[in-house]
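Below is one structure; the comments refer to it alone.
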């Protein structure tokens, strides 16, 4: 990939050459003035188009409300999710492997629902309405969960603490429980990617200061997410672990209600972008039009079809400049004699912007697919890490440390590493590379993969040590649960690079018409990662649990080999990293009209012309 400096230099030289050629043809002064006028118009059009909503609203004042909303909603969500695997084993009497799979499927559903929210946000409802509706569904799910756990699931009272065994729950109670947690999954999943994009909307890309704030916002967004989950992973987990599950669910409900109210509080001051319409027909039109012109050779990029003027054919979206990748789709924008004869049919002739929107989706897919294995690493914290910690020594005197509370070390690692990254690494890398972002999003995601692999190696090493300290006939190993700290800390460090990088990358590289879809890709990778983890557990148990062999992840972990499962994930992550490197080198960034790069190029062209005048 050519560096920004090379791009600007080549554009500068092209502008100089064009001015010299025009001077020879029509006279130096007149042509230079005309070129200056055209360049100035491009600067004005680009900046005004990039600033889709330049109002006195938005900015950090209202983005901060969204950060508070994110922290409270996350507290509510993790109040349910972080200890769910133990709820299933203690209250609903599921085996370890079954419970781990149930949590993976549920978490996968959470993040898969992000695609639904993103689609409705980009196409019809807009970001604000989508956030409000899905948060309301989230609250309804928590109301049902609190009621079902209080009325149906705990018999005798106080069971589910690891000592008192719960009686089998009634079918009605179980049905309401599953309905409630999947409403929670649908509500939180649909809201999550949209709130991230809505927060980014509060900053204007055409304003250099706000553009820098927008980049920082995603770090603070993930920071707020982890601050919210810190309470769930410490205080709430403790009460739930002692059998006070209903209390934990009620606290989550209260937090979700306050989150919704804080969101509605900022209604008069938010910046709003109108939805750009359903992107599915637009993308389908490109492929159909290209297929119809399969035998046609695409023309030069300057001769491809695009609407006149500053406005794009996609309402509310900036134009996208032509790129040289996936050139067969350019056939959709190639004008033929049939296109000239009758009215323009979008299923036969598409604009360059429409073609580039489809290209952007295709170009992002390989990067996105490479992040799924990392999500397999991440999902182990909510399932197998907790089950592993539950059979380790966790008493500090008379105080019992809940296994799920160890994820607090992951959260602290995220908070510390976020501060180190923003305050130390970004300035240092910026000075060394000349890139104001410090380390590019693609490089950060690659670093996250490597650290995630190391986390799995650390988890495997901890399991080997745990098995060595198991006494015959005992369920709990004498190895301290604090041996899990390295694996949690490494996962936390990897999140800062991977998930913050993902948020910035997919939001920044997605065209205006599918911004929420870009943010939802980050969560969709978590979804498929959870489903992949569930599939991997089933496959491993199907292969290893044969005859009298209990398999790698049996109900009694002391008779299994959880360490081998962790090392398997580490090996898959290493293989995935190799593929990711090739995909990242192939990827070329989107070039939007009015983007920072495009405005820089136009300003250089203007400077060249001014010198000629």
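Heads up, the Cβ atoms here are built off N, Cα and C, so glycines get one too.
Taken from TrEMBL, the feature transmembrane segment applies to 62-88 (among others).
Sequence annotations record features per position, and here TrEMBL assigns transmembrane segment to 108-125 (among others). Tertiary proximity for the transmembrane segment (108-125) is limited to same-chain residues at least six positions away from its ends with a CB under 8 Å from its CB atoms, namely 77, 81, 133-134, 182, 184-186, 188-194, 197, 275-279, 513-517, 519-520, 523-531, 534.
Annotated transmembrane segment per TrEMBL: 132-152 (among others), in sequence order.
If you look up TrEMBL, you'll see 172-191 (among others) marked as transmembrane segment.
What TrEMBL lists as transmembrane segment is 217-239 (among others).
Annotation comment: TrEMBL describes 245-265 (among others) as transmembrane segment.
Outside the transmembrane segment (365-386), and at least 6 residues removed from its termini, the chain residues within Cβ reach (under 8 Å) are 81-86, 99-100, 103-104, 107, 403-404, 406-407, 410, 442, 445, 448-449, 452-453, 455-456, 459, 484, 487-488, 491, 494-495, 498, 502, 505-506, 521-522, 524-530, 532-533, 536, 553, 562, 565-566, 569, 572-573, 576, 579-580, 583-584, 586-587. Residues or ranges marked as transmembrane segment by TrEMBL: 365-386 (among others).
Beyond the ends of the transmembrane segment (401-421), by six or more residues, the same chain brings 82-83, 85-86, 219, 222-223, 226-227, 229-230, 233-234, 237-238, 240-241, 381-382, 385-390, 392, 394-395, 438, 481, 484-485, 488-493, 495-497, 500 to within a C-beta distance below 8 angstroms of the stretch. Look at TrEMBL and you will find 401-421 (among others) tagged as transmembrane segment.
TrEMBL lists 442-461 (among others) with the feature transmembrane segment.
The annotation transmembrane segment is assigned in TrEMBL to 481-500 (among others). Only residues 6 or more beyond the boundaries of the transmembrane segment (481-500), in the same chain, are considered here, and those with a CB under 8 A from a CB of the stretch are 218-219, 222, 371, 374, 377-378, 381, 385, 388-389, 392-394, 401, 403, 406-407, 409-414, 417-418, 421, 444-445, 447-452, 454-456, 458-459, 462, 465-466, 522.
Among the features that TrEMBL reports, transmembrane segment is placed at 521-545 (among others).
Residues or ranges marked as transmembrane segment by TrEMBL: 565-587 (among others).
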Top Cβ-contact partner of the transmembrane segment (565-587) among 172-191, 217-239, 521-545 (pairs under 8 Å): 521-545
Chain residues outside the transmembrane segment (172-191) and at least six past its termini with a C-beta under 8 angstroms from it: 73, 77, 80, 84, 92, 106-107, 109-114, 116-117, 120, 130-131, 133-142, 144-145, 147-149, 151-153, 523
Top partner of the transmembrane segment (217-239) among 62-88, 132-152, 245-265, 521-545 - counted as Cβ pairs under 8 Å: 62-88
Intrachain neighbours beyond the transmembrane segment (521-545), with Cβ under 8 angstroms and 6 or more residues off its ends: 97, 100-101, 104-105, 107-112, 114-115, 189, 192-193, 364, 368, 371-380, 383, 499, 502-503, 506, 551-554, 561, 565, 568-569
Chain residues in Cβ proximity to the transmembrane segment (245-265) (below 8 Å; excluding those fewer than six residues from its ends, i.e. six or more beyond): 65-66, 68-70, 72-73, 75-77, 79-80, 83, 87, 91, 131-132, 135-136, 138-139, 142-143, 145-146, 149-150, 153-154, 160, 228, 232, 236-237, 239
